[in-house]
Amino acid sequence: MDFQKLLLDVGKALSRDDIKALAFLCTDLLGRNPNSVESASDLFSRLEDQDRLSSEKPHLLKELLLTIQRHRLVRELRLSDLATTSLISPYRKLLYYLSEEITDDLLREVKFLLNKALPRRKLEDNVTTLEVFMEMEHLDVISDTNLDTLENIFQSVCPMLNGEIRRYKAQQVPNTNLIAQEMSRPRSSSFPSQTSTSLPRTGSIEMQEVKHYALEYSSSQENTNSSGKQTSQTTNTHTEGLGTYPMTSAKRGICLIINNYNFSESRVELKKREGTMIDEKCLQEVFEWLGFEVQTHRDCGKRQILSLVSELSRRDHSQMDCFVCCVLSHGLEGAVYGVDGQEVKLRQLTDPFDGLNCPSLAEKPKLFFIQACQGSVEQRAVYIEADSGAPSRICSDAVRARDSIPSKADVLLGMATVPLFVSYRDKTNGAWFIQSLCQNLVQMVPRECDLVSIMTKVNADVSKKNAGSYKQMPQPSFSLRKKVVFPVPKSSPPNLRPELQVCSHNK
């Protein structure tokens, strides 16, 4: 395809906000105010004039589109095979990413706190987050080496965003063991979904690099033991050379359960999650039996969820062995919904507990179990016909799509289903995934089985179930470096209802 025609097609596919974002990302390359850019063709012409973009140098175009998460456009224009470059500064990407995480409500609070620092006309309602950042740069309130003011503001309105700033700063200093351990790319082990569903996720690793500013950690270091020999990671609890996380504290840890049932005030049309109270009860009984301090919160909006996570991440976990978070809600790929219909990204749940944000949990397992859909596609068995619209007691927690693999060390993320697909919840007996998880913990912990083995059994059990002609396959992903083996409780296991036996099928 002619390169100028390619640029024209890109410009037609971009929204006005996309063009503003690209101009902002190119600020350092253009050396001028991005507000002066009037259109995509104007931006591309300036980049061509400065020899930043051409048919021989198309790499910047791919990097820009990936940064603003236009992966499909990259594939459609056949740019995926190009080498990935780092022409845009990490600082510029950081500010762009922060702007994407700031909601309208948060932006109003940010503007209020900047009332004395910026001109009032720069704080009017129509001024965007990127424009606020540009004005802060113009007045030398922030820079690539000074983000203190921004950190102070975020500490008041959304402390989790400071995690991104800390990661950016960590990239600017020499590597340390703690940072390398907590920010290395995960050696994720997950049970594959259908091949056709994994192909469209081209570029997701590149976006992880954009979002997390991850410090590279040698994969050989991750897989080599102290004697210098390679070790194979397996779920067998008796494997030699594979350690076990300590589980010796008086309290096992905190187990946070967020149970969203009533979505009547949601700005997105979402149904009540019938059957979720059974899941909550089972989770509470099982994790209390395992020695956890269980904290349950119902019908939480996005703001409350983020507040709960932020508060728990600031606690001292030094006298505890691990942390567990269970979220029961509607969802989409890489996110769950608050009862207000606002999305909470999975990394907003996991990031606050990494070694940088929560040092007292460094080198300890962080376990997240998410009962929510990762999309709206229903997995079919090989013999299937289209499902009818007849009423059923089986329902799903579905909606749509984004990125979900944990990017920190010592994390296990147990998803109810693979990307793009729905998960099922029995209105009478609870969700397939949660009920299987609870039952298998009760059955396998006394046999001293490790958690990955338990999750494998959950996969096997849930895969046998069916909703008419539809199936479900959970997806555990992890960056664990050791086995998670819960001590066998001295008390009797909870008596889960007989109809919740995981091998039974929904007829």
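Just so you know, glycine gets a Cβ as well, placed from its N, Cα and C.
Nobody curates TrEMBL annotations by hand; they come from automatic prediction.
As recorded in TrEMBL, the features of this protein are as follows:
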- 2-79: domain 'DED' (DOMAIN)
- 90-157: domain 'DED' (DOMAIN)
- 183-203: region 'Disordered' (REGION)
- 186-198: compositional bias 'Low complexity' (COMPBIAS)
- 218-243: region 'Disordered' (REGION)
- 218-239: compositional bias 'Polar residues' (COMPBIAS)
- 251-377: domain 'Caspase family p20' (DOMAIN)
- 401-486: domain 'Caspase family p10' (DOMAIN)
>> Over the span of the domain 'DED' (2-79), how high is the average pLDDT in this prediction?
In response: 87
>> Going by DSSP assignments with H, G and I as helix and E and B as strand, what are the residue counts for the domain 'DED' (2-79)?
In response: 53 helix, 0 strand, 25 coil
> How do the residues of the domain 'DED' (90-157) split into helix, strand and coil according to DSSP?
Replying inline: 46 helix, 2 strand, 20 coil
